[in-house]
Amino acid sequence: MRRTTYAGLVDEKYLDQEVCLKGWVQKRRNLGNLIFVDLRDIEGIVQLVFSQEFNPEALKVAEQLRSEYVIEVKGKVVARGEKAINPNMRTGKVEVEVSDIEILNKAKTTPFDIADDINASDDLRLQYRYLDLRRPEMQKALMIRNRITQTVHSYLDENHFLDIETPYLTRSTPEGARDYLVPSRVYPGHFYALPQSPQLFKQLLMGAGYDRYYQIARCFRDEDLRGDRQPEFTQIDIETSFMSAEEIQEMTEGLLKRVMKETLDVDIKTPIQRITWNEAMDRFGSDKPDIRFGMELKDMSGAVRNAGFKVFDMTLENGGQVKAITVPGGADKYSRKQIEEKQEYIKRFGAKGLAWVKVTDDGLTGPIAKFFTERAEDIKEAAEAKSGDLILFVASNRKVVADSLGYLRVAIAKEMDMINKDEFAFIWVVDWPLFEYSEEFDRYIAAHHPFTMPNEEDLDLLETDPHKCHAQSYDIVLNGYELGGGSIRIHRRDIQEAMFKALGFTKEKAEEQFGWFMDALDFGFPPHGGLALGLDRFAMLLAGKDNIREVIAFPKNSKASEPLTHAPSTVAPKQLDELYLKTDVPEEDE
């Protein structure tokens, strides 16, 4: 039988028509001479009716049905009785009286229910991912992802971008995250690397005159995982020639506006707000600020200076900061014990303590209130606090203050349900530092990557005082997540060489690793720039998920393994011999 429509699309317009449907048994209810079956497919669920009255043979077959059996049915669409109508379903006003049925395949009892609400561990879900993906919630998430990619293709094609693929097997660059390496059989002892991004290839395409490039690009990074990271991920990769940073941002806003409208029917306001990196750190304590709620960081230095509280005074004397966040209504919400728990929380960001006062009609209360009896109004004004609020202070250097209060701000907002989860708040963070200090490497590294162009007014500093340079770079942030980032690129060899020198490369090291690229810059590269948007993260946010695994068909778990296929795995000794490889694995890791 040829399928005539999808189960989830059968509604009143099919009344009195005969349909042929195919799908999975969601559930069965046996009332003796009457059996009801919910048939599920990619579009949804429709109710089937088997009756002794209109087909005894079909009823007998229906008695054999169990959950997840695959069936095809033929029958007539009829209206449900008034009391049987389900207003929550598209198909809720109709049902199909089945005249013919065939069981296409049987199914064992599944390890968890094929339903949105399930009680299963992440690894069990990944082990049986093909079952997990049957759940309507998962199908909806992947449909959102598909809608994003289709809209991206359409928008960029309309704007004269060329979809060009770049290599997966390329050269390792041992800067930044670890590469995934692929041994070469043809060149023993040599390795390809899977690309962490198509960065240099897309810049070469600009040098080749292709003007506007894009790619839905797979990228690979061998790094520790967290909720919004995977060892292999996908980005919407874009590069353009002869466009300024502002023009690239405007083009990106058009793309975001189209995606939001066509995916969720949400209108976003453009132009999107822009703030500098310095402003983001000062106001929100984060370079990816969530602007759906207030509770911004406030500089309390003037209000608390020389009031007699030694912690604050010594911090300010040593060039540090005293900042605070004001928790609306927090005076009654948070007990002393709960505030002490917050103090333990911020210690992970380097803070040594969390000072606090509660604002009352009579002034301030709390452990440090006695130092500020005469400053109560100054503190309330600086913190923008009113009676009933809780003011939380951190005193330290700029980074510790920003990190501590920035993370605390978000944690408290979640606890107090201050965040509108239906809101999509985009913001650009621009004018980044060109370099940032890495505690892991104990040196300065490129804040984005070493191919980022410094601001024009900072070009001289690249040779004399590079750590004061700012970059022509920009990040687009959505609801506190870095959705993507980009920059104007270096298109001149002399600037690229100066950049490598500032990063500590010797001339020989720069030539060995990137000489092939710098040689290309000698042949008339145009000014160019671009950005990359994280497709997985974008889909996660639009689908309302907390983990990108929920919008990837076959992801890895938090240990970078795949419970379904048991990857990574050992390989046959013959395969290693062909690659001239030997393994030396500690016993505890085997």
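Cβ coordinates are placed from backbone N, Cα and C, and glycine is handled just like the others.
Per Swiss-Prot, these features apply:
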BINDING   GLU175, ARG221, HIS448, ARG489  L-aspartate binding site
BINDING   ARG221, ASP222, GLU223, GLN230, GLU482, GLY534, LEU535, ASP536, ARG537  ATP binding site
REGION    199-202  region 'Aspartate'
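Shown on the structure are the features that Swiss-Prot records.
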| residue | record | DSSP class |
| --- | --- | --- |
| ARG221 | L-aspartate binding site | coil |
| HIS448 | L-aspartate binding site | coil |
| GLU482 | ATP binding site | strand |
| ARG489 | L-aspartate binding site | strand |
| LEU535 | ATP binding site | helix |
To which of the binding-site residues GLU223, GLU482 does the lowest count of other Cβ atoms within 10 Å belong?
GLU223
Spatially speaking, which of the binding-site residues ARG221, HIS448, ARG489 is closest to ARG537 (ATP binding site)? Use C-alpha to C-alpha, please.
ARG221
Excluding its own, the Cβ atoms lying within 10 Å of the Cβ of ARG221 (L-aspartate binding site) add up to 20
Between GLU482 (ATP binding site) and ARG221 (L-aspartate binding site), the C-alpha gap once rounded to whole angstrom
17
Report the DSSP secondary-structure composition of the region 'Aspartate' (199-202) as helix, strand and coil residue counts.
4 helix, 0 strand, 0 coil
As a test of the contact definition, list every same-chain residue at least 6 positions from LEU535 (ATP binding site) whose Cβ is closer than 8 Å to its Cβ.
ARG145, ILE148, THR149, ILE216, PHE233, THR234, GLN235, ILE236
Could you tell me the C-alpha distance between HIS448 (L-aspartate binding site) and GLU223 (ATP binding site) in angstrom, no decimals?
17
Please average pLDDT over the region 'Aspartate' (199-202) for the predicted structure.
97
On the Cα atoms of ARG221, ASP222, GLU223, GLN230, GLU482, GLY534, LEU535, ASP536, ARG537, which are listed as binding ATP, what is the maximum pairwise distance in Å?
20
Using Cα coordinates, what distance in whole Å links GLU223 (ATP binding site) and ARG489 (L-aspartate binding site)?
25
